[in-house]
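S.K.: The transmembrane segment annotation in TrEMBL covers 9-30, 36-57, 69-93, 105-128, 219-238, 258-289, 310-329, 335-351, 372-391, 411-430. Here TrEMBL flags 22-437 as domain 'Cation/H+ exchanger transmembrane'. Residues or ranges marked as region 'Disordered' in TrEMBL: 511-599. Per TrEMBL, compositional bias 'Polar residues' is recorded for 512-541, 549-559, 577-592.
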Amino acid sequence: MPTLAVNNFNIVCATLGGFITLFGLISYLIKERFYLSEALISLISGLIFSPHAANLIRPEEYALGDAHTLGTITLFFSRLVLGVQLVIAGIQLPSKYLLKEWKSLAYLLGPGMVAMWMCTSLLVFAFVPHISFLHALAVGACVTPTDPVLSNSIVKGKFADKNIPRELQKIIVAESGANDGLGYPFLFLPLYLIKYTGHGGLSADGNVRTAIGLWFGETWGYVIILSIIYGAAVGWLAKELLHWAEGRKYVDKESFLVFAITLALFIVGTVGMIGSDDVLACFIAGNVFTWDDWFRLETMDDSFQPTIDMLLNVSIFIWFGAVCPWVEFVHNKVIPIYRLIFLGILVLLLRRPPIIFAMHKRIHQIEQKRQAIYVGFFGPIGVSSIFYLYITLEFLEQIKVDGEVRPDAEYLMEVTNVVVWFLCICSIVIHGLTIPMTKLGVYLPRTISGVISTARDDRDAFHVEDTENPRDNEQLPRTASGNVISNSTSISILPNVRRIGRTIIRAHDSKANSQVSVSLPQTPSQTPHSGSKAGLSTTRNSQEDVEMTSATEPSQATQPAAMVQRTIRFPDEAHPSSDSTGQLPPTTSNVSKIDVDTG
């Protein structure tokens, strides 16, 4: 007998699948027309699905009511997303990019990260009551790295292609990928000092010398340097193996495209086993894997990696919306809500823009001051900060006295949880709304002015002076300004000739300054005393011919650049320009068209 199985698995599958399906139906409208971030939409949806609203996604039940288990799930989920994202980020960069642009990256990862760390720590120290500067350094270290997941919204898509130079996009991707793994030294220096010197060093056998020794030995040696060496070795070996397999036609198309994703999973698992920095290892492996640009060029036109990227982005931010401690922002014992709001605003304004603006002349990718302001402001706080948050909580839970977490460590855990989550939410919301609000502020005055001007022009355009035979003149086709088209008149079309909803001919091209003239053929039926149907039919056919000509034969000035052709042909893949028989298609015959002169 059929039974109704409303369990957590079925609810999660239905909720997640239904949301992604509905979001996909309007995704282009949201991201390319309204310029809204998919991270922001997913975060709000996660809040709606959470126990705070619809109660469709219940994270605490999945963790069996244990807060530590819930934190572990969030940490591992963040590791997975960061690992895949950073391998993809490394592959996106051109050949030997880290080696060629080491000077610009040195400024961003050296003075840039130090300034962001210190600025955030000072603000936390100023706004959070009863906290030491050493504790503030640990909180500031969690939000020092910029997020590669949220950075995708400003380096991909129509807005980025139109407004951000390619070189600037690449340096943003490289910085956001590298500084995620380099957040460990900034975090573990204060954590080791807190463990061995905080609260009188109680429960810890050591001192400042022990803390500094562990910081250099474990953090820099075992975590940072080992992860770089391991990531480079695995990336190079994977590249050579894929070259070897592809050269002998051992690999099919599907396995070739998924190779980078599986490489990320392998590195996350193996580096996680040895306790090193899997985040940095993934980024280094991705960059070394495409060191010769071969794999990047071969997969440039394929959409598998962006598809996986989108699925992971949507899933992780829905989870963040569900597990975020929304209530604790208002009801907590460490900081009032009004201080949290001021802290969030000042961190976004002062954490990154001043240092980027101060050293932008030394970074050749940042050519203008407005670009420096843009790069400085868009240093989002996201998945990487939550990743470091739960690493911090995991470390502080081990500082115990008589089986209980030490009081100073317990207080720091609550401060870090509230502050880092709130700063992450502020960054997702503010950075997700900045581009659409900026576009609205720029285009709204222009739109209002354009509507007013169009209304005035329309009143003048429909004012036609009386002629000797107005009835006959009404039967003839007219231009947009109301002039009658004569039999053999060559018309220089100054305004846009429009059909319903779109433009056929653009009268003025800013690049070519071309003027289009159309000569209508003379027919016996096109006389002043013939019926209006003939004249209108001629005009309609001529317009359709012009549309066909402009669509099939664009001018040389507006032809797109040649696409990079893939060199790999898999055994099960036919040549793209051949038919089912393997023969190239015949050339199309010439299409008759009217003359369109471009001056």
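Here the Cβ of each residue, glycine as well, is placed from N, Cα and C on the backbone.
Just so you know, TrEMBL annotations never went through curation; they're auto-generated.
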S.K.: Taking 3+ C-beta pairs under 8 angstroms (sequence gap of 6 or more) as contact, is the transmembrane segment (335-351) in contact with the transmembrane segment (9-30)?
M.R.: no
S.K.: Any contact between the transmembrane segment (411-430) and the transmembrane segment (310-329), i.e. 3 or more CB pairs below 8 Å with pairs at least 6 residues apart?
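M.R.: As far as Cβ distances go (cut-off 8 Å, pairs 6 or more apart), the transmembrane segment (411-430) and the transmembrane segment (310-329) touch.
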S.K.: Taking the transmembrane segment (372-391) as reference, which of 69-93, 219-238, 258-289, 310-329 has the most Cβ pairs under 8 angstroms?
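M.R.: Selected stretch: 69-93, with the most Cβ pairs under 8 Å.
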S.K.: I'd like to know if the transmembrane segment (69-93) touches the transmembrane segment (9-30) in this structure, counting it as a touch only when three or more C-beta pairs sit under 8 Å and are separated by 6 or more positions.
M.R.: no
S.K.: Given pairs 6 or more apart, does the transmembrane segment (69-93) have at least three Cβ pairs under 8 Å with the transmembrane segment (36-57)?
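M.R.: Judged by the Cβ rule, the two regions do not touch, with the required three close pairs absent.
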S.K.: Should anything in the same chain at least six residues away from the transmembrane segment (258-289) have a Cβ under 8 Å from its Cβ atoms, list it; otherwise answer none.
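M.R.: Beyond its ends, the transmembrane segment (258-289) has Cβ neighbours at 79-80, 82-84, 86-91, 93, 97-98, 177-178, 180-182, 184, 222-224, 226-228, 230-232, 234-236, 238-239, 242, 251, 295, 299, 304-305, 308, 384, 387.
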S.K.: Quickly jot the same-chain residues contacting the transmembrane segment (36-57) by Cβ under 8 Å, restricted to those at least six beyond its ends, or write none.
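M.R.: Result: 11-12, 15, 19, 23, 27, 30, 149-150, 153, 310, 313-324, 326-327, 382, 425, 428-429, 431-433, 436.
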